[in-house]
Amino acid sequence: MLEKEFFTEYGEASQYQIQEVVGKGSYGVVASAECPHTGGKVAIKKMTNVFEHVSDAIRILREIKLLRLLRHPDIVEIKHIMLPPCRKEFKDIYVVFELMESDLHHVLKVNDDLTPQHHQFFLYQLLRGLKFMHSAHVFHRDLKPKNILANADCKIKICDLGLARVSFTDSPSAVFWTDYVATRWYRAPELCGSFYSNYTPAIDMWSVGCIFAEMLTGKPLFPGKNVVHQLELVTDLLGTPSPITLSRIRNEKARKYLGNMRRKDPVPFTHKFPNIDPVALKLLQRLIAFDPKDRPSAEEALADPYFQGLANVDYEPSRQPISKLEFEFERRKLTRDDVRELMYREILEYHPQMLQEYLQGEENINSHFLYPSGVDQFKQEFARLEEHNDDEEEHNSPPHQRKYTSLPRERVCSSEDEGSDSVHAQSSSASVVFTPPQTPNTATGLSSQKASQVDKAATPVKRSACLMRSDSICASRCVGVSSAVS
């Protein structure tokens, strides 16, 4: 009965056996399922009436596309997207994810005996996934414990890229957003006060710092009731910003507000966080620096002494920045049917044979015009004249003489034509340097042996490796199991 209620007329549904509903929300329903053919367990996310609001449909399209382009062991993976029954009229989307048992929010809430080794390994995976994401010039923009999935073996994965954005500049900055609505408690101060018009990956690094502090203490670091209260809590700990930091704030109103704030001195972290490893506190202090220029990048944070004995650059891959061509739809106004067609095209990425047929069909469509081109008209006229001349020759009449002559005009390339080669080269160069072994057919710059080694980095080594083999810490204690998915 559950399967009939969950699935509609999607033919591929028959290969999955729904077990239970594990989540509901405004987006739809998530159910755990099992594939009888493979015996593997997955999470199927059913999104209903996707195209009712174009803005919501674009957000879903963006997230699905980003998850395909950002394949990494520390980022949740889309295994499959079911093919809609009708290309032009489908309304629902079924996305098949790898099944994760819980999320970091639940882990921190129900486990009061997490060890420093847990904290170290959780943070290492988070930063490693973020390094890969930022190297592609992608900002997550909504990092929080609920958006970090977790398993009983302490494996975590970043999820929910619905608010993520891509920067297409030479450096991953210069991005202006007016739709930023991420959770306030993990929001960087420059976003709370709209300090700048351009932001950098440092906004994600602030969120990482807040999450790290929550791991260490078991409670949110800055649980502000509103934006003003949020800034009050931040300055209570970090002190009021220095004149140099204030001078960098472009928003005059925000700069004036902070300048008029009662002078506060920073609280020593050893007082705020007693009994915490000093090495961990030094990293935390770097992550939640008030000035974004003072925060480390994900790559720099991974090199911090806190991860000594665990970090390994060979298992911390990067990738090329994402090509503009992948998100050209962001720059034009789309109708509901436009988004539906783009979504269908993205779904076909998980159906290679149909994708090939679709692309061949596009070529055929593009080769036929509603109206004949100038070349076609010339060919038709030339054929008519030849036929007419043949008739005249049969009647021994003089050949037809043209009144005017002209040379073909030289084609003038538009700026788009001139840049097509460079754009193509850019697209080709944006290949994923690392691909998880779950998708061996995906193009990758690593050998299968190397890819296997990288995936093994998901298993902690040295200090954190003891965590997995310790008799005193069982997997069920590591994670309070409560099924969750992105």
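Cβ from N, Cα, C; glycine included.
Site annotation for ATP in Swiss-Prot covers Val22, Gly23, Lys24, Gly25, Ser26, Tyr27, Gly28, Val29, Val30, and the matching candidate from Lys41, Lys45 is Lys45.
For Thr183 (phosphothreonine), the recorded positions whose C-alpha atoms fall inside a 10 Å radius of its own C-alpha are Asp142, out of Val22, Lys24, Ser26, Val30, Asp142. Counting only the Cα atoms, the space from Ser26 (ATP binding site) to Asp142 (active site, proton acceptor) is about 18 angstrom.
A simple way to gauge crowding: the CB of Val22 (ATP binding site) has 19 other CB atoms within 10 angstroms, across all the protein chains here.
Counted over all residue pairs in Val22, Gly23, Lys24, Gly25, Ser26, Tyr27, Gly28, Val29, Val30, Lys45, the record's binders of ATP, the longest Cα to Cα distance measures 14 angstrom. Across the residues of the domain 'Protein kinase' (16-307), the predicted structure has a mean pLDDT of 91. For Gly28 (ATP binding site), the same-chain residues that are 6 or more apart in sequence and have a Cβ closer than 8 Å to its Cβ are Lys45, Lys46, Met47, Thr48, Asp92.
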